Amino acid sequence: MAPSSSKGYGYLYQYTNCRILRDGKIFREDLWVRDGRIMNPEVLFFVERVNADQRIDCGNLIIAPGLIDVQINGGYGYDFSTESQVEEGIKKVSQAVLSRGVTSFCPTVITSAPHAYKQILPKIKKRNGSKEGAGILGVHVEGPFIERERRGAHPSQLIRDYDKGFKDVLEVYGDLSNVAMVTLAPEKQKTPEVIQEFCKRGIVVSVGHSNANLIQGEEAVRSGARFITHLFNAMLPFHHRDPHLVGLLTSDQLPQNRKVFYGLISDGIHTHPAALRIAHRVHPEGIVLVTDAIQATFLPDGTYPFGEQTIVVKGKHSYLKDTNTLAGSLASLDDCVRLFAKETGCGPELALQAASLHPAQMLGIADKKGTLDFHSDADFIMLDDELNVKATFIAGECVYRA
Amino acid sequence: MRLVIQDTYDDVSLWAAKYVKRRILDFNPSQDKFFTLGLPTGNTPIGMYRKLVEFFKDGSLSFKYVKTFNMDEYVDRISFMWNNFFKHIDIDPQNAHILDGNAKDLIAECNAFEEKITAAGGIRLFIGGIGPDGHIAFNEPGSSLVSRTRVKSLAQETILANARFFDNDLSQVPTQALTVGVGTVMDADEVMILITGAHKAFALHKAIEEGVSHMWTVSAFQQHPRTIFLCDEPATNELRVRTVKYFKGLMELHNKMLEEAT
């Protein structure tokens, strides 16, 4: 017997007595990991002719790809949109989400002033995950190019248009190199050219916080948009003569082979279970579960002054003080996965893929993240049959154990 | 030649696995003495592999000191062997030999395979299956009965059947395969050929009730001193009643081969 490391290769782990999620199915299979990547055991056996250096008994748990949250605003009292809190916030939150099975995420910066973007964005660098915290795939800039009437908790006075096209965009954000995705309202003037320019730079465009009708939504998708930010929230509701952005899920006016993904906050509060079921029934491959978690996440009940706003936290709910406006969710992504599986009856495969494969596909990184395919990064989680996270691994290294 | 007739496919699978186990245990392989086994792919041997895996899992059989040589190489053979057998057992990857169809020099690859068999001391037990046209490994009708391991051009029928692995795109289907020769298998100490299902009945008839012919390459094993044809009832459909009765009468003797030597 020749263990991998004895033949000049890296240390080879064989996770055994487990079921793995691959190609949309959960089945009994070992997972082979070396040098932070998922390995093809047939190549190891027939070509390299090596054995595992270490076999790890997983106690019959499910192994699934690590979860990816593309919309998370902060936590532990820290807000990624507040200059002074960004660095500490990223540190704390990226560490905290490991126990929730999140192996990479897009810190989300809501509508801010131009000078604030220039302070905040350079501080949120893309990085690989580790014991220190989940990986950062790039910032999700949500706003300021959104519709005032659909602003939700975004500060009204900072909302803008891009009447001069991408020039305005650059003036507001400054350097875009740390940005992975942007949410904008597609009904604005110059939207097609702005979207095309974002796409050219490899930044995913999402439509949301918007009054757009379906035609405007379709035009945005034809220009390159591929995501809908928290479907049903902060947009006009479905209407049978104009289904608005919700109609993108069943539109026949989109380019062939273009899949539209959409975020769903399945925290049981922001999206009614019946709405989750509607979305699931009509367009299951597009679902991307997001938390949209705010800075009050992981904090006890109370009233918290956050910048110019005051947020009341009560149980799983958070409101802007003295209003009925939801301030964002307090959910964790693993909670969302469990709730989505329960409410839609979609099965664990899709619920897990909606928080791993789908966000990776949406971001165009599914060759490395969001799957247990061979050669992918070994970012994975172990779960029991109720989908409780028992362990989290990044690049093959255990970063959390329950 | 022996003909072992079992009622069903499952009985054939169990008998075959028990026989393999018996031969390995009797050989008592060790660090300096490996048991060498020739192996087939295809639907027929899947049940036998499953039983062998069960024997491994219940601790009654180990493959630690077993070397295996696969009969042929084509399309999905590697995945087949991995998923049905190797990943479940304790065989050392160094000891599982399969022809490499992607080798740069295919002829050299075939010659090296023969050399590896010789270096391992020859094959103790070669297990084979056959096609409805009586071919063993990829020795299709007309193959030389003294052939060695080589590159073989496939019959159009085989190519068409394999198009399903390539999105039905015929241009993508390999037209050649690597295979051991009839002579390679003939050199084994013992040969066991599994034949199940009514669609193989005519081939079994041709294999054992008529003369040796290169049009039914498996018939060559009539001339092998230790060959077992192992079949289920449906595969006997084309045999003479006398043949079936004769061999069924010998079953007690055949079953003794599964017992521990005393």
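Positions of Cβ are set from backbone N, Cα and C atoms, glycine also.
Unlike curated entries, TrEMBL annotations are predicted automatically.
The shown structure was predicted, so the numbers you read here are calculated from the model rather than taken from an experiment.
TrEMBL lists A:62-398 with the feature domain 'Amidohydrolase-related'. Annotation comment: TrEMBL describes A:GLU142, A:HIS209, A:HIS230 as Zn(2+) binding site. TrEMBL lists A:ALA153, A:ASN233, A:ALA234, A:ARG241, A:HIS270, A:LEU326, A:ALA327, A:GLY328 with the feature substrate binding site. The feature active site, proton donor/acceptor is assigned by TrEMBL to A:ASP292.
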Set of same-chain residues at least 6 away whose C-beta sits under 8 angstroms from A:HIS230 (Zn(2+) binding site): A:GLN71, A:GLY208, A:GLY263, A:LEU264, A:ILE265, A:HIS270, A:THR271, A:VAL290, A:ASP292
Average pLDDT across the domain 'Amidohydrolase-related' (A:62-398), rounded to a whole number: 95
For substrate, whose listed binding residues are A:ALA153, A:ASN233, A:ALA234, A:ARG241, A:HIS270, A:LEU326, A:ALA327, A:GLY328, the greatest C-alpha pairwise distance in Å: 30
Euclidean distance between Cα atoms of A:HIS209 (Zn(2+) binding site) and A:ALA327 (substrate binding site), Å: 14
Least Cβ-crowded entry, counting other Cβ within 10 Å, from the binding-site residues listed as A:HIS209, A:ARG241, A:HIS270: A:ARG241
